[in-house]
Amino acid sequence: MKFGGTSVATLPRWQNILELVASRRAEGARVLVVVSALSGITDALKQMCAQEDKGKRIEAAKAIAQRHYDLLDHMQLAVPGTLADRLAELAQLAEDGPSLLGELAWSALVQAHGELMSSALGSAFLTHSGLPTQWVDARDCLSAIALPNQNERTKLLSAMVEAKPDPALNARLAELGEVFITQGFIARESQGRTVLLGRGGSDTSASYFGALLKAQRVEIWTDVAGMFTANPRQVPSARLLQRLDYEEAQEIASTGAKVLHPRCLSPLREPRVPLLIKDTNRPELEGTFIGPEVREHAPSVKAISARKGITLVSMESVGMWQQVGFLADVFANFKQHGLSVDMIGSAETNVTVSLDPTENLLDSDALAALASDLAKVCRVKVIAPCAAITLVGRGMRSMLHTLSTVLAEFGQLRVHMISQSSNNLNLTFVVDESVVDELLPHLHELLITAGALRTDDSALFGPSWQALYGSGEVLPPAASWWRDGRRADLLKLGAEHTPRYVYHLPTVRQQARELKTLAAVDRLHYAVKANTHPAILKALAEEGFGFECVSPGELKAVMAVVPESAPLLFTPNFAPREDYEWALTTRATLSLDSIYQLEHWGEVFRGREVVLRLDLGRGLGHHEKVRTGGSGSKFGLPVEQLDAFLRLADTHGVTVRGLHAHLGSGILDDGHWGEVYGQLASIAERIGSVTFLDIGGGLGVPSHPGEARLDIAALDKVLREVKAAYPHYQLWMEPGRYLVAEAGVLLTRVTQTKGKGNGTIRYLGVDTGMNSLIRPALYEAWHEIVNLSRLDEEATALFQVVGPICESGDVLGTDRRLPEPQEGDVMLVAQAGAYGKVMSSPYNLRDEAEEIILE
Ligand code: ADP
Ligand code: ASP
Ligand code: MG
């Protein structure tokens with residue numbers, strides 16, 4: 001059991017340690033406790049070493065001693081003899097300075113005292129608390145091995161140990177007792193000098209011991225409940241990784257997840273000792289289990305990590321590239337300077353490598369020496385500080401297609417290097433260090449949205465850090481009406497007849513009321529194309545919504561059910577002239593979006609007031625097919641044609657009363673609508689006649705578990721701010737999907753299953769598919785799918801959920817973990833209230849889904 005710096009720094013933590021060790025003893029295990037130095041002590045010791053002034057060194061040693069006295073005070077313990085000896089030795093080392101032992105050996109010995117002291121203290125506490133604990137000097141058990149190309153520095157400060165099972169050590173300990181405490185971070189080399197295992201190396205000590213003793217298990221107790229999909233301090237929505245195999249965990253650790261020292265997994269592989277990561281303060285939380293077996297699961301990115309302090313060395317050949325042995329000459333220099341190369345990129349005349357600070361003791365001297373030697377064979381450029389951002393997951397190369405939005409994000413940055421590891425476990429981007437902190441949470445969210453990080457697989461991904469540790473502000477999934485109160489109704493409806501769409505009106509109302517809290521918005525229109533069911537139109541009219549229609553058919557459907565007083569918008573696109581002529585006979589406010597309409601049919605609009613839909617030059621949204629801005633999309637009048645449009649409007653006596661822009665759907669960034677309002681407002685200032693600005697819809701609905709909801713309160717704030725800057729315009733919005741998506745589900749029944757590829761690929765067939773719900777096929781949209789008949793059974797196997805349509809694209813969901821199904825089970829496809837039924841088709845002449853309303 002290894003306890004890290006924060007886990008050993010206070011009395012309450014030591015009380016937890018006592019309980020944990022006692023509970024393992026109660027299970028009959030013998031326990032070896034490996035401890036770090038109290039948090040901050042290794043840094044303090046390092047600083048002491050850097051101090052040239054003897055007096056200041058002695059003072060520093062005293063302050064360090066005081067930290068230990070204070071803790072003993074809390075424990076109401078006298079200073080034990082073992083600790084007093086250590087403190088005296090440290091005081092002597094401070095007094096002596098490096099001259100006797102040499103700089104590096106002295107510094108290693110000084111730093112080793114952190115762990116020597118904490119373990120002495122811990123031994124006294126545990127023994128005193130009734131758990132007799134033997135203090136073991138780790139240096140007597142861990143022998144550093146000499147490695148080729150090690151220099152003095154790496155030998156003393158970043159040593160390695162060969163940890164083969166050692167029955168003699170086991171026997172020796174068995175004679176001594178049942179509970180032991182020893183130090184992390186330190187070992188001894190062949191000449192008897194104390195050496196260090198590198199910063200954070202206590203984890204690796206625990207693994208060495210685990211391998212030497214062939215332990216049942218290595219437990220790493222720290223300040224977080226395991227390894228997460230990203231550093232949880234940086235990305236609170238990061239999810240707990242419940243199970244990992246050695247290789248993946250190793251990759252996540254060595255690409256930046258500080259929770260495990262990068263070297264701590266390799267000693268465990270051969271003896272197949274599993275490793276568990278747990279939170280000392282919250283032992284009830286499950287933690288991360290790392291072991292040899294690979295579990296079958298959907299291909300998924302497992303984590304995103306970042307390493308700062310990366311140095312790139314770019315080497316330009318001076319006409320020698322073709323020469324045999326050039327690379328050997330270049331790399332000989334790295335070898336000679338004891339530097340380990342991380343990534344490599346090469347071209348005809350250039351080779352660029354990265355140096356990782358956790359694997360190398362990089363300082364400016366080391367780099368300058370390297371550069372000057374390299375200069376003899378090539379032109380050298382050192383690029384620093386950089387950061388490496390790494391996506392980790394088994395089979396990374398087969399996941400590239402899921403990464404398009406993530407890759408797009410790098411389009412706006414300077415990417416110095418891209419590297420994919422030859423073990424197919426990682427994809428790394430080297431960028432400027434300064435961009436990382438802001439970028440990482442954003443990329444993590446994009447990975448989830450894009451379905452690249454498959455947080456829906458609950459066998460793999462546990463709760464988010466926020467859910468485990470947060471202030472309880474995590475919003476519960478809004479669309480759980482079908483899971484909770486109405487499940488029995490749905491099962492009955494599904495047993496009667498499928499396919500069926502079921503809409504829950506209270507959820508529609510709840511969403512409507514949430515949007516009505518947007519104080520800056522003067523008028524909300526429901527974009528009826530999402531769902532034209534009359535009961536939904538009526539409910540939203542009752543909530544005071546206006547209606548946005550894109551065709552005469554929609555206008556007629558709305559006018560048939562809503563009162564005369566409800567405002568109507570008609571915003572067609574590439575509609576024929578008759579549509580406009582007809583719409584002008586209704587009370588709808590009309591929107592134009594091209595020069596053509598005024599140029600050729602000007603007389604139709606004479607004397608009218610219109611809305612002008614603009615293309616602001618960029619599109620946004622969850623998929624290319626839902627982005628409605630930019631030259632690649634057919635919507636809106638490009639801003640550069642505005643003057644021509646206004647001249648034509650003048651000619652025909654047409655007044656532009658409103659401006660409108662809608663950039664796409666599925667937008668979860670609250671700042672977006674503020675920008676649109678600001679842009680439209682500044683254009684409106686030029687026109688003069690405008691009284692309202694319609695900033696569109698596109699409010700995203702999170703679909704993947706773990707994806708953050710749009711923050712309506714934040715949106716409210718943004719809108720109030722921009723409106724305060726341009727208070728003279730009315731603000732209109734036109735949400736569609738946001739109001740109805742979560743209110744609707746599609747019920748369908750299991751027809752059969754099929755296995756392919758020796759049973760590795762399993763298909764689960766249901767009685768409807770893309771004919772009822774085309775979003776997965778059209779937009780690669782992700783809809784949660786559950787077996788409603790077996791909601792309480794464990795989801796065990798992965799299925800491709802497919803329909804009966806004669807198209808390979810007829811897939812409702814890929815790689816879904818579900819319970820073993822049976823013919824006739826009722827399946828539920830969630831978030832199907834928007835763009836479901838309205839986009840369904842009679843394709844293959846299969847019956848269309850019925851629609852049912854739940855009040
Ligand atoms: P200890 O002192 O117990 O060894 P560390 O500070 O070395 O603890 O490691 C735990 C810390 O690692 C966490 O508090 C967290 O800030 C950081 N960390 C970085 N990346 C990850 C990740 N992917 N999962 C969990 N923790 C991470
Ligand atoms: N105390 C050492 C350090 O701070 C080793 C460790 O805590 O893992 O780097
Ligand atoms: Mg650590």
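In case you wondered, yes, glycine gets a Cβ from its N, Cα and C as well.
DSSP classifies Cys806 (active site, proton donor) as coil under the three-state reduction. Residues or ranges marked as active site, proton donor by TrEMBL: Cys806.
TrEMBL lists 315-388 with the feature domain 'ACT'. Under DSSP, residues within the domain 'ACT' (315-388) fall into helix, strand and coil as 22 helix, 26 strand, 26 coil.
The Cβ of Lys529 (N6-(pyridoxal phosphate)lysine) has 17 other Cβ atoms within 10 Å, all protein chains considered. The N6-(pyridoxal phosphate)lysine feature in TrEMBL is assigned to Lys529.
On the backbone, the CA of Lys529 (N6-(pyridoxal phosphate)lysine) and the CA of Cys806 (active site, proton donor) stand 27 Å apart.
All chains included, 9 other C-beta atoms sit within 10 angstroms of the C-beta of Cys806 (active site, proton donor).
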